[in-house]
Structure formats: structure tokens, C-alpha cells
Amino acid sequence: MKFFALFIYRPVATILLSVAITLCGILGFRMLPVAPLPQVDFPVIMVSASLPGASPETMASSVATPLERSLGRIAGVSEMTSSSSLGSTRIILQFDFDRDINGAARDVQAAINAAQSLLPSGMPSRPTYRKANPSDAPIMILTLTSDTYSQGELYDFASTQLAPTISQIDGVGDVDVGGSSLPAVRVGLNPQALFNQGVSLDDVRTAISNANVRKPQGALEDGTHRWQIQTNDELKTAAEYQPLIIHYNNGGAVRLGDVATVTDSVQDVRNAGMTNAKPAILLMIRKLPEANIIQTVDSIRAKLPELQETIPAAIDLQIAQDRSPTIRASLEEVEQTLIISVALVILVVFLFLRSGRATIIPAVSVPVSLIGTFAAMYLCGFSLNNLSLMALTIATGFVVDDAIVVLENIARHLEAGMKPLQAALQGTREVGFTVLSMSLSLVAVFLPLLLMGGLPGRLLREFAVTLSVAIGISLLVSLTLTPMMCGWMLKASKPREQKRLRGFGRMLVALQQGYGKSLKWVLNHTRLVGVVLLGTIALNIWLYISIPKTFFPEQDTGVLMGGIQADQSISFQAMRGKLQDFMKIIRDDPAVDNVTGFTGGSRVNSGMMFITLKPRDERSETAQQIIDRLRVKLAKEPGANLFLMAVQDIRVGGRQSNASYQYTLLSDDLAALREWEPKIRKKLATLPELADVNSDQQDNGAEMNLVYDRDTMARLGIDVQAANSLLNNAFGQRQISTIYQPMNQYKVVMEVDPRYTQDISALEKMFVINNEGKAIPLSYFAKWQPANAPLSVNHQGLSAASTISFNLPTGKSLSDASAAIDRAMTQLGVPSTVRGSFAGTAQVFQETMNSQVILIIAAIATVYIVLGILYESYVHPLTILSTLPSAGVGALLALELFNAPFSLIALIGIMLLIGIVKKNAIMMVDFALEAQRHGNLTPQEAIFQACLLRFRPIMMTTLAALFGALPLVLSGGDGSELRHPLGITIVGGLVMSQLLTLYTTPVVYLFFDRLRLRFSRKPKQTVTE
């Protein structure tokens, strides 16, 4: 009593306290970062190593395996995957959430150093690492185009000047430059000319290496001067290499230009990048795992004018893709939804109280509670994101509940003739415990979420804490500011109603009278209500088992990613043509704004595309509908497949795949894996629950298998080392020398001129110089025949692995797909030597599925414990919790009605309903207990009177929560796919709960009382008119 009086009789102090809360909130709001979702990125580090010309199997055994054995010893590694392709190995390390990325990077570098002695000596450079997840979509893509500069020159500008500067920007984790390679001097050899001159490829390599050296020459000194010695020991351009003497034949000099075409070109000619049908260099920028995407993008944009000045005017630098506009638009939509929710909630209060003066009170208390929450969010290190803003939107209905309960009870005393200050004190005292019970039991719902681990726990923690803080501030405001304003603003007389509102008042009275009559009937037919209650419990179980489930709603971020997978024997020239064809099909779609893509590198038969869609208000279709439309057009392109998926804000794992979900096959027996993977993939491709089924196992690449006759080689004076060196020199784009320039280092690349390697007859033109100096054709000691070979070798841990990726067809959920895959694996009878498991997002979904029911039970148990402590009773909490089954049925039926799967967002809605719907029962039980203790009423009369007296605040709080959530259901635009499941769940649960709990709660209350009476042998009582 004294606590409430302290604030009611000291209005200045109470107002200043509220102003202080508001000012802190405004300050926190201005400093809060902006993000699409809470920070849930796993720390990921990518290790890269190269050995030009080495086969995928060689890279896997000699490079990947030694590195994996060393890296696998690092503490906190939750997953390690690797992929080895032609001349390249990439190892992805995913760490536990709590692992510091910088500390992990130091451990990775130490592990690389430890494995260095086990790696091949011919590697051109040491393995390197990057603190970025290569499977994440870039946060920004920049393109360089020019009508004047070559692709190699553009790549040089990008990698030498732009990429290092961008990499230094806070938040940037990796800048991947694609579309070409660094400039190089390329030496294209003529095999016939070499044979005629008696010059071997090793002779050419040695001559070039010896002619281009950079060594210290020292200095000369006399008594007074010192001269630095400088020589022309370096060759820098193709024109300087052309006249180089590489051999003497019959006394005549054989120059490099006599046996080769020397050009200024690029290191790897098998790379291509494009933007909107124009050749381009791409800078794909990814953020650090812990970085804020909006801040990082803003920092990059601020740096762009400076970057533009560092490159020639003839080079056009453009932003091809930027993730931030969609994120900003989504947050603006949520902010608008929040404002609408506040307005609707205040409208509900006005309609029920029919007093402008009384409506001002919640109109002040609600913003104070919400704005004050921003200060706590800032102190907790949170961000303004879709989930935290949705928490505030939902909190609108919660925070007004406390004010409504206090305000309505004070208004009732005023209408009875009590003086304002006395009514404020008495009314607050009567409902203070009720408000405290509602708030604490609501916060208790979120305690299991705060203790939940893994990605779901990290994702939901910010939502739970934000909502809990808002409820806590609301509790403080409703017991301080609200009664003070009631005492000083409201009048003792009954407020005058506007004529247009009298009809609503009469309707409310009629509704209350009708409820009273129906309640009397129900209380005399309790068995029927008991059956209904038991039926809702059973229906909950059935609906939860049968409803489709998924991990997270499929987002429309306005960005699509496409992975191209062509025939495994396709040439680079044909693959570049496929890229152009696919880009044209997509570019012609009316919903597409921009298309960029690239192909080449170590995987000639694959490519990537990044598609920016037009803003949401400029297109009528969702991203998934656009994918469905494009899938039909793309299927007509022969010889290649393009798999499209919408970029998501949440992506788990480091695997680069062509679809959103993955199923990984592991085996210690590589032969068994290669036997069963095609069978499993073909089976999964027939399932209607899956779409775009593809695999990263590519073991049907074309290979030319050479078999050496070692006896003949020994007789001819040729060793295997010389033969292998010949092949590497001829076909491996061998980097044989380095050109040092002030800004970068460039390579001299040697191979047989592509004009002489158009078919397998090129092998017949190759020869080796034996130990007697004679030219021995390759065909003398080797035979060759076509064969199949893997284009990539993949590992997970240290086991051979193959990952099957898939998307979901329209109308199918992840639970449908998971169940179908499990059935297919059982039907196929896959041996125990091949193990299958879901990976990435699908794996997290499986883990979340196993914990959802436990989480809901834990929330209910926590609420029961809190209520039991507050009421000092084992029974009354059960009465209050009896409201939950009807809310669950309503939520699940609403999801089914709107064809929305049960996701993590819907789970949040269920948890919220546990907190919301019990408020009705708390208000009933509190007043019934009070009436029994002080009014000398029977339990039946007490609960009946409590239901009637609390009917208006129950209707007000329920409608306030309903109208607070309704904008989430009705909102459109960016990010609406996240808001809809939450709104649908809450609205459906509230509607069903309101219809049933007004009757089931008093029946359950009397049921437990009759149990008490039966044990104490008291006579049964009935309700009288």
C-alpha cells in the first residue's frame, strides 16, 4: 500500500522517472545497430591451397589430408569439410558459437605451419586462410567493366588496388575477385617446331627461368663513394621474352619466338565473368561472422568515391548487388507495423472506456514501456532487427494489459463514487498482485528460451530478452505512472459518452449479460465442458504431429543465387556459352533487375550466378514464384542445369551447394560411396517432396589415362620424372617464372599452344629428350585411352563424403522432405558402410524438432512453478494453465488454414500464447479467491461473480493482444514472410482461447474445488439465479 502511495502522491517524481526511462530509451535507439536478424553466424574459417595441374585425387591425398589431420586437432571445431578439385583444395572449418574467431584464426595458422613439412614441395605458395564463409551470399558485389582495358588488366586493378583496401574496412571478411586472373606472359609452344629444333619443353622452361631472375648484386666502394650494382636481369613483357635464345642448333641460335607464340595475357585463360551480358570483373564481398551487415555495407559505400579515384576513368566501377536495401525496407515495414499496433491497441482501450481522458493514460504508458526497452537492448548488445522489432510489436498488447487492468479497476471504483486519489490507491492495491502474477508468469515462459543452446537459442534469445524487458518496464509503469495519472486526471463522475460510442457500450453490456446467462448454463453442465477440454488436448497432439514443419520461414530477400552444373566433360568455351545462355533467359524475366555470374577456375563444368530482383513493391510475385517460373524456362537448356535458390539471412554450414538443404553421405570406403551415391541421388530425384536434387560428387569427368611401359623407358634412357614433367609443361599451365612489379607479382605461364591441343592427337606430337640427347616421342613408351575420373574429391572430417542438395517444391515442407528421405534410405537398403545424415540448415531443423516439445513442456512447467509460488497452491496453477489447450488448437488450426508450416517463428507464437491466454484465468482466479476470503461467497458464486466483473478487462486485454498481433498477419511488403507465422499463430490462438476459456476456466476451478469438497465430505452446491 505504501509503495503505491509513494508514486500516487508524488506526481513530479513519478513523471520525472518516466521521462528518464524515455530519454534513456531514445538514446539507446539512436545507438542501436541495424540488422536483418540477431547475430547467429557460426565462426567459419576457410583454408585454401593450390598445386597447379594436380588431379583432384592427388590434391585430396597429398594436400587435403595432411592439413585435415593437423586442423582437426584444433579445439572448438564443430565441423570440418573439404573439397579438392583440379589444382585446388579448400577446407572449411566451422567452430562452436562461443569460439572467438581471432583466436581460432591463430590456431588455424599454427596448424598450417605444423603441416607444412608434409605438403608437396612443388606448391607455388603456402596454404592461406580467410575468416569468411564461402557458402554465404555476398553482402555486396562490385563490377569492373571497360571498353579500353582487357579483362586481365581489370582483374589486376581489382585485386591489387581495390580488394586490399576493401578488406581493411571494418566488418569485411573476404573479397573474392572473379571473372579472370592476374596478367601474365603466356608462352604457347609449337610441338613440331620444338621437335625440328631438337628442343625439349624442359629446355624452354630452364632457359626462361634462368633469363628472368631477381637476385641481389651487391655494391662497389672506393675510398669516397659507393655504387649500388643494378643489372637488366628481369624480363617483364612478352616482347622482351620473344627474342630470348633458348638453344643452339648446328651453331644457329633458336629463339623463343621461333618455337612459341609469346603474348601478354593472363595466368588462367579458363575464367570468365559477366554482368548483364557484358564481360566484367566481379568483387564479391562477404562479411565477418560477427559483423553487422548494414554497418559494413555503409562503410563500403562511403569508401567507393575514394576507390573510384584510384582507377583510370575508362574503368566503370558499379554496384551490381547490395543486400542492404531489402533489409532496410523490411525493418521499415516492421516499424510501421509496430506503430499501427500501438494505434489499434489504444483504439481498443478508447472503445471500452469511452473516455478520451482515460485513453490518454495507456497512450502514455505504452510508449514509455516500449521506448525504455531500447536502452536495455543497447546495454545487452542487441540490434534493431526483424525479431526484436516483432517482439516490441507483440509487446504492445502485453504492456497495455497491465495498464488496462489497473485503469479498469480504478475506473470501476470511480464510477461507484469513490474519490480519484482514493480510487487510484484502492484500485491499484486490489490488482497489484494480479498484475505482478501476470507479468512474472509471462516472463517465466521465456526462461527456457534463454537457456536454450545452439542456433535456435541464439536466434530466440534476443526476442525473449527484449519482450521480457518490455514487460518488466510495463510492470513498473503500470504500478507507478498509471495509478498516478488515474488519480490526478480522472474524475469521480461517470464520463460522458459520445453518442456514436453509446451503441458500443450497450453492445458490451448486452454481451456481458448474454455471457452471464450462458455461463450459468455451463456451470450446471460441467461434464460437457470437461469433454470439450479433453478433446482440445487430444486435438493438440494430433495437429502437432500432422502439421507440416520447417526450420525457418522461406524469406524473400530480393536476391537469388544460381549454381550451374554442366556435363562433366564440357570444355571451358562451351561452359562460357552456357553461362551466357542462362544469363539471357534470366535477364529477360520482368521481375529481374540485375544478373552477374562467373565460371572457370578449378571446376570447369560449374559456375555461379547472382540475381537481384526488382524491389518488392515493383513486382507481384514472391522470390519462390519467380524461381518456379524460371525453372520451367531453364529446363529447356540442354547439357547443363541451373539450380536457383533464394538467398536467406540464415544459412548454416560451410558447404557450397546448389540448393538450400543438404543430405551428406559418409563412408570410409570410397568405392562404396561412389557406388551408392548415384543410386541414392536418383531415388531422391523421383520424390515429389524434393526439387532440384543434385550432388557434389562428380566422378564421371573425361580423363586420358596414360600407361607407361617402364621397361621400354629404361631401355630408351627415360625416367618417369622426365615424362611427368613433359606432361605438366605441355598441358598444366605451368608457372615457370615470376615477374616482380612494384604493386604485384606476375607469372610466366608455359603450355603447348591451344591450337595444337584440340584433340588427343596432340599427345602424339609430344617427345622427351633422353639421356643421350635424342628426341623420343611419347608414343614410343606410353599408351593412352579415355577413362572416367573424378572432378572433385570431398571429405567431411577425415571420411570420404558426398553431399546431395535439394530445394523444396511449392507446398512442401522440410518435415515432408526429411521423412521422404528417411523412407527412401530404408527402401534402398543402404549398407552400414555408407552413413547418411542431414547437414547445414536441415541438420539444425532435425535438432530443433527433437527439442520443440521439451521446450514447450519446460515453459509450461516454469510457469506452473512461478504461479505455485505466487499462489502458495498446487491446484490454482493448474486451473490457470487449463487455458492453454484451446490456444494451441487455435494456433495450429490457423496455421493449417493459411497453409503455413510450423516453424521456429510459429514456435515463438506458441510460447507467447502460453503467456497471453493464462491472463484471463489469472484475473478470474484472483477475484474468485478474494471473494471467497472476504465476501463469504461459495466457490460457485465467487467464480461466477469473478467472471462477470472481470469480463470487461478480459475482453479488453484479449482484444488488445489480438489487435496488436493483427498487423503482423495483414502486413505485406519486405519481410512479411517472417511476420505472418507469428501473427497467424497468436491471432488464431487468441480467438479460440477467448471462445473457450471464458467457460472452461470456471469449470476447472469448480472441478478442483469439488475434489477438495469430496475429500472433506461437503455437500455439492449449484448456481442459483
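Glycine is no exception: its Cβ is also placed from the backbone N, Cα and C atoms.
Looking at 627-647, 984-1004, the range tied to transmembrane segment in Swiss-Prot is 984-1004. The highest tally of CB pairs under 8 A with the transmembrane segment (875-895), across 3-23, 387-407, 528-548, 953-973, 984-1004, is held by 984-1004. Contact between the transmembrane segment (463-483) and the transmembrane segment (953-973) does not hold: fewer than three of their C-beta pairs are under 8 Å, each pair 6 or more apart in sequence. Tertiary proximity for the transmembrane segment (528-548) is limited to same-chain residues at least six positions away from its ends with a CB under 8 Å from its CB atoms, namely 522, 812-813, 815-816, 853, 882, 885-886, 888-889, 892-893, 895-896, 901-902, 996, 999-1000, 1003-1004, 1007. Counting Cβ pairs under 8 Å to the transmembrane segment (984-1004), the stretch among 3-23, 431-451, 953-973 with the most such contacts is 953-973.
The transmembrane segment (953-973) makes contact with the transmembrane segment (387-407): 3 or more of their CB pairs lie within 8 A, with pairs spaced 6 or more apart in sequence.
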